[in-house]
Amino acid sequence: MSSPLDDPDGNWWDRKVNRRETIWLGLSAGWAVSLFGWMLGWTEFGDQNNIGQNYEVSPERYQQKVSAFKDAAGTLSVDDEDYLVPDGEDIYVGAFQWGFDGLPVVVRPGETYKIHLGTYDVQHGFSARNESNLSQQISLQMIPGYEWVLEMSWDDPGTYQVVCNEFCGNGHRSMHGTFLVADHEAVETGTDAGDGQESEPSGPYGGWLTSDETGGAADTFESVVDETGSSSVTVEVGADGNGGPFAYAPAAVRVDRGTTVTFDWVSAGHNVVVEDAPDGSDWSGVDSLDGEGYTHEHTFETAGVYKYYCDPHLRNGMKGVVEVV
C-alpha cells in the first residue's frame, strides 16, 4: 500500500484479533458492566437526595407564604447579622433574580425542619453546602409554579452557604444565602407575640422604608442623610445591605431644589423604579436592569418626597427616598 487512500494489502478484514486486544476488550466490557451494576445498586440502596412532596402553586401565592413565614419568624443577631428564627418547623425559601427570600435562617443542630422551596420567576438551583466542608452539600432544583417540601436536619454546627446552581441571568453569581446551625437562647416569634391586630404604617415617609409598606424593610436606613447645601449628591445602587448587594446608599437623602443626584450602580441587576413623586415632577427613574459602572443623573427641581425601589429586590427592602426641600 503506497497511499492511505489505497486498500490495505491482503485479507486484512479477516485476520485474528491479537490476544492482548481481546484481553483489554474483555476487561473494558467487564468494567463497564460493573459500573452499570454499581449505579443501579446505588440508586436502590445508596444515599439519595430527599424526594419530599411537591404542590402546584402560583409564584404570587408562594411569595405570600414566604412573607407570612418572615412575619411570624423571630430575629437573632449573630456577629452583626440578623437571622430569622423559624416559628415552628417550617422554613420557606423563595428564589428570584437574583437572591433568596426567607434567608438567612438560624436552625438548631439535630432538629428536623420542613424546607419549602419555590421561585418567583424563572428556574433556580438550591445548593446548600457546609462552609468548612464542601463535601457536605445538597443540590436541588426550584421550578416556577411548584412548591417543593423536604425534611432536612443539620447535625454539625456551623455556617451553610446556599447558592444558585442553575444559571438564571447576568446577576446569577450574586445569588447566595445562609443557614446558621447553632444552639441559641429562646427567641420570641409570631406565636408568642402580638394580639393579632394590624397597626398603621410607622416611620418616616409613611413607613415606606419599613416592612409596613410594599416590600421588605430597608435595614440600612437609620436616619435621613442631610445634603442640603450640596449642588450634587451620589446615591449608590446595589450597595451592601438587606442581606446582600440589595441597598441604596444612602437609603434616604434630603437635598435642595436644583440639586443633581447621580445614581451610581456598584453591582449588577438593579433598577430605579419611581413609586411616588410630587405633582409636576419629570423624574422617570431607570426601568432597565443595569450593571456595575452605569450611572443615571437627574436634577430635582420640584419639592416633595420621591419614593423609589428596585423591582427585582423590593422584597429584600431595596427602597429609597429623595426628599427635596
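Our numbering is plain: 1 for the first residue shown, then up by one each step along the chain.
Cβ coordinates are placed from backbone N, Cα and C, and glycine is handled just like the others.
Predicted automatically and left uncurated, TrEMBL annotations should be read as such.
Positions annotated as transmembrane segment by TrEMBL: 23-42.
What TrEMBL records for 189-213 is region 'Disordered'.
The average pLDDT computed over the domain 'Blue (type 1) copper' (237-324) stands at 92. Per TrEMBL, domain 'Blue (type 1) copper' is recorded for 237-324.
Positions annotated as Cu cation binding site by TrEMBL: His270, Cys310, His313, Met318. Following the DSSP three-state reduction, the secondary structure of Cys310 (Cu cation binding site) is coil. Using a 10 Å Cβ-Cβ cutoff, Cys310 (Cu cation binding site) registers 26 neighbours.
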For Met318 (Cu cation binding site): DSSP state (helix, strand, coil): coil
His270 (Cu cation binding site) - helix vs strand vs coil (DSSP): strand
Cβ-centroid neighbourhood (8 Å) of the Cu cation site, His270, Cys310, His313, Met318 excluded: Val237, Gly238, Phe246, Ala247, Tyr248, Gly269, Asn271, Tyr309, Asp311, Pro312, Leu314, Asn316
Neighbourhood of Met318 (Cu cation binding site) by C-beta distance under 8 A, where only residues 6 or more apart in the same chain count: Gly215, Ala218, Asn242, Phe246, Ala247, Tyr248, His270, Tyr309, Cys310
DSSP-derived helix, strand and coil totals, residue by residue, for the domain 'Blue (type 1) copper' (237-324): 3 helix, 49 strand, 36 coil
